[in-house]
């Protein structure tokens, strides 16, 4: 146990140094809180093992030598945390038990996510600015704080006498708008950008050259008074903040005086909703006993006041463990790894599953089954694994490998070189791809089965009548079942059966396109049909033969070959042909007049549709492209043609209007049908 405690102490010390001294946080606040509370729980369970250097009795790290060290007369302690309503009410019970028979009011403020500093004024003149440092000793950053525009260098008030000595505590931060502009400027200059506004504020404030700080959009928000001589005579926290505004200080844009802890909870929910619209970053709210005498009665623990706590928003990041990594198969056959997590509450929801996207991301993170990971979520953003903690990795942690076969249908998994995504090769057979495969197969440009829409498909899948696309051609055997589907009468069923029967007569190009082979669109399907002439020849083609086909590159050739190598796909193909799908036998190939030419259609066509123009061009051997290049043979331009027309003129590509195009097509025997 002591070894685990030492490990946590060292880890927290490392992150304390990064946060408090270097101003370069390496983990989120919630991740730090998790480590801190883990250590605190162990110390409460084993008090005899508490170490002298435990961070539970301190605030942060040591000051850097590049700034003069300053000892705080009144230590700058940190706050305890609560994370939910139950914790908040427990805080209130502890407060009220120590203040029996007293009315307690609570001052609620925004918990600003900035850099805590202390400001010293003598006779109203700013004489020193000091960072919190480790709570006992900070760094003198006076020259830099004097450059902050909204921070008063000399105090003025028409209502109050300026005290001889005043120590004000507050946060230096960078408003969101200023942060965005700073990062844009940094990027334009080719310099490093900042990860978040807090890092930007801290980095700016601790520059040795005050001119750099002066150029940064920093702001100071006061949140309390550490010392005042003579005493200001104020009795509440709320009045103290208003007094500071009279002296020229800016305070956070929302403060609430609450008469009960229930009202505090209501304000918490309100602030949480308003958070995205605030001009500054916050990570919760601060709840303080308002009465200053009651604060004195309550006193302090070793590192935090008993009279105040930070009520944190749901963590945007949290630590948990990876219990398992499963592979899901999407509608297009993509294999996606999903981490099954020990459930953790983060960003307002309980997260138990997180996508890892692909095998490359698994390798980049080096995430293994059994690892401790940071899960990040903010707003409506999908949760993600942001970091792996190798220092917590158990000896039995399992390395994750890409599966060789599909977890759904056992077809081979393929991942062409240079591709980030692995896919199941069982396109026609795989149950995970069934809906997408059927939807594509019946579409107008494929088998064109009119009436077999999504509603029909979903009903047929529920009834287990469609396991793959070949089952479509056996639906007539289940007529009575079809008639039992809601809103499917005799006429609808007969129309569907007739449309399925009519689709059996097709073309080889349409059939190839209908198979849904990755990378094979209409044009590629037509090129394959023209090149190989028969389905058997296409099935037997190797990668090298496929690569010789116009419009087929190296990767597409591999996808086609993999498709026809999968036994399950061949089984479905055989059933489709056995069901009666057929096309005219190929005739002796003749050279087409526009063979291999690239044409482009642009603008609004009025005498024909784009599909009609495309079909006529393809029938003559041309390829229709979406962009103009030096290889373009001709551009057909309709009304309101734009950039493509301009590019054609620049490259000297011939341009033809609709009327001339239709005349040319008629000369080749192609007319609008």
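Including glycine, each Cβ sits where the backbone N, Cα and C put it.
What Swiss-Prot records for 29, 30, 31, 32, 33, 78, 79, 109, 132, 171, 288, 312 is NAD(+) binding site, and it gives sequence analysis as the kind of evidence. Positions annotated as active site, N6-AMP-lysine intermediate by Swiss-Prot: 111. Annotation comment: Swiss-Prot describes 406, 409, 424, 430 as Zn(2+) binding site, evidence class sequence analysis. If you look up Swiss-Prot, you'll see 589-673 marked as domain 'BRCT'.
For the residue listed as 'active site, N6-AMP-lysine intermediate', the same-chain residues that are 6 or more apart in sequence and have a Cβ closer than 8 Å to its Cβ are 282, 283, 284, 285, 286, 310, 311, 312. Binding residues for NAD(+) (29, 30, 31, 32, 33, 78, 79, 109, 132, 171, 288, 312) extend across at most 24 Å, taking the greatest CA-CA distance. The binding-site residues shown are 29, 31, 79, 132, 288; of these, the one with its CA atom nearest the CA of residue 406 (Zn(2+) binding site) is 31. Close to residue 424 (Zn(2+) binding site) in the fold, though at least 6 residues off in sequence, lie 329, 333, 335, 406, 408, 409, 411, 413, 430, 432, 433, each with a CB less than 8 Å from its CB. Using the Cβ center of 406, 409, 424, 430 for Zn(2+), the list of other same-chain residues with Cβ within 8 Å runs, in sequence order, 329, 333, 405, 407, 408, 410, 411, 425, 426, 429, 431, 432, 433, 568.
Secondary structure counts, DSSP: the domain 'BRCT' (589-673) has 29 helix, 18 strand, 38 coil. The most crowded of the binding-site residues listed here (29, 31) is 31, judged by how many other CB atoms sit within 10 Å of its own CB. Across the binding-site residues listed here (79, 406, 409, 430), the residue whose Cβ sits among the most other Cβ atoms within 10 Å is 406. The DSSP secondary structure for residue 288 (NAD(+) binding site) is strand. Across the domain 'BRCT' (589-673), mean pLDDT in this model comes to 85.
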